[in-house]
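Taken straight from TrEMBL:
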- 82-100: transmembrane segment (TRANSMEM)
- 106-123: transmembrane segment (TRANSMEM)
- 130-149: transmembrane segment (TRANSMEM)
- 155-180: transmembrane segment (TRANSMEM)
- 192-211: transmembrane segment (TRANSMEM)
- 247-269: transmembrane segment (TRANSMEM)
- 281-301: transmembrane segment (TRANSMEM)
- 307-330: transmembrane segment (TRANSMEM)
- 342-360: transmembrane segment (TRANSMEM)
Amino acid sequence: MPSWALPLGSAAVALAAFLLVKDSLTDDAYITLAYAKNLAVHGEWALVPGMPSNSATSPLNVLLLGSLTAVTRLFGTGPHPVLALGVLSVGSAAVLGWGWARLAAALRFSTAVAFLGAVLVLVNPFVLSAIGLEVLLIPTLLVLLTVFATDERPLLYGAVSGLALLTRPDLIVFVVVIALSTPAIRRGLLRPALVAIAVAAAWYLFSWFAFGSALPDTLVIKQAQADLFGRWSFFSGPAMYYLSRSVVVLLSFGPALVGVLAWFALVAVRFSARWERFPPVGALAGLGAGGIAHYIAYSLLDVGPYHWYYATPITSLGMFAVAALGVWLARSRDREVLLSRGPLTALGAVALLLFGAVAVDVKQGVPWRSPVIFGNWASAQDYARVGRELKDRVGEATVRSPGEIGTLAYYCECSIVDPFSDRGYVTDMVKERIDEAGPVTSALLRLNYLWFDYSREPRPLDYRLLYERGPGGGRNTWQVYSAARGVGHFTLVPAEGR
């Protein structure tokens, strides 16, 4: 297979997937798009124009989308963040395919297996239900980390590590585990560490001083919202989703479960006997271990089971499963003692899960009206309608969001506020979290918010936008529909004391 075939094939699959989902993006995806639009148009790091905030979980995702959105302004009228998202999604997939091609060459497994590993990410229903967030950047960077560690390229490993930390701070789990699992990186940790710091430090120092916190506010916000899911947590979240979408959960998490089994099997085989020449799979084992460690870490963070949180362990463990089985299959053809039936059967099972995922994606509709995994109060189309009309109603006035703000902020471009856009609401959350945390976590939070302005108060309100289930009508009422909640309506009411 030509060297360009895998990147091109991955990009083609990503383009088809993006066209399938682009009209059904989740509310949190629109938070990212609103940040990108404000960055491109106003040069502001803000969800709402004129109100600097720090609720963008992935700085790199916003920076890339903002840059691409700025480019779209040169061609046609106005910024086009959704088009920028399409370009970024396809570009990420192409790099993902390139990474898989390099990994296949380094570990000597077939490009067909590599293509299976790339497509497995691009058609996963949980991943596609969160397009707009950093769910494609993450597996792309994880593959690159694995490739450069396997190829013994410490400086490139450090550079990608810095990009991973800019994508999500929690990816430090993979950066550390893969590095420690690879002798060539582990022996000279200082060089890649310095490169990673050089890549990531500028942003985090800027954020620390400019916004009063190096890390985004989203962790504190999401921890404060953990009770939205009742008794369900991140750890038990897959069971929650299984109760309503059992087939989708099995198809989405199935490859990751294969990955967990494959990882323990690999460790057992590696350390149960002496090997003269064991395949150089240290970095690959680190990828699988990172996926397991990431799931454990999030389970300890006391956050809710937001579906996009699962994209990282799902994709990392699924990719590990495919690559590890590919290595096993390739070695079985060189050594008679290793039977090829096992890896062929397992890869066939993963391929069946992939085709099942494609069937679920297509069954959802072409194009999607709502994501497969969805919990918002209104569809993206209805939120867009409400946002546009709300802008005409409120003008320069300040409106309290109903609890979901991303799509409304994107289309309204008005002063709609909640903790994601107005840091005055974050003040009490930070204080409460510091008071409730243990001594170590409390100290880390105090350090992160060292320059935060605790005197900041929420902007005075003029209106509130309220959501209720069931139909509704009237001049200041908008009826909406959600595949998750059915019919509901939003009502614009004056704020108390106005």
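Note: Cβ is positioned from N, Cα and C throughout, glycine not excepted.
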Worksheet item: Going through 155-180, 192-211, 247-269, 307-330, 342-360 one by one, which has the most CB pairs that fall under 8 Å from the transmembrane segment (106-123)?
Response: 307-330
Response to the item:
For the transmembrane segment (130-149), out of 82-100, 155-180, 247-269, 342-360, most C-beta pairs under 8 A are with 155-180
Discussion item. Is it the case that the transmembrane segment (192-211) and the transmembrane segment (247-269) touch, counting contact as three or more CB pairs under 8 Å in which the residues of each pair are 6 or more positions apart?
Written reply: no
Discussion item. If you count every Cβ pair below 8 Å, which range out of 82-100, 155-180, 247-269, 281-301, 307-330 shares the most with the transmembrane segment (342-360)?
Written reply: 247-269
Discussion item. Let me check one thing: do the transmembrane segment (281-301) and the transmembrane segment (155-180) come into contact, meaning three or more Cβ pairs under 8 Å with sequence separation of at least 6?
Written reply: yes
Fill in: For the transmembrane segment (155-180), distant same-chain residues with Cβ under 8 A (at least six beyond the ends)
57-61, 63, 134, 137-138, 141-142, 144-146, 148-149, 186, 189, 191-200, 203, 215, 283, 286-287, 289-290, 293-294, 297-298, 312, 316
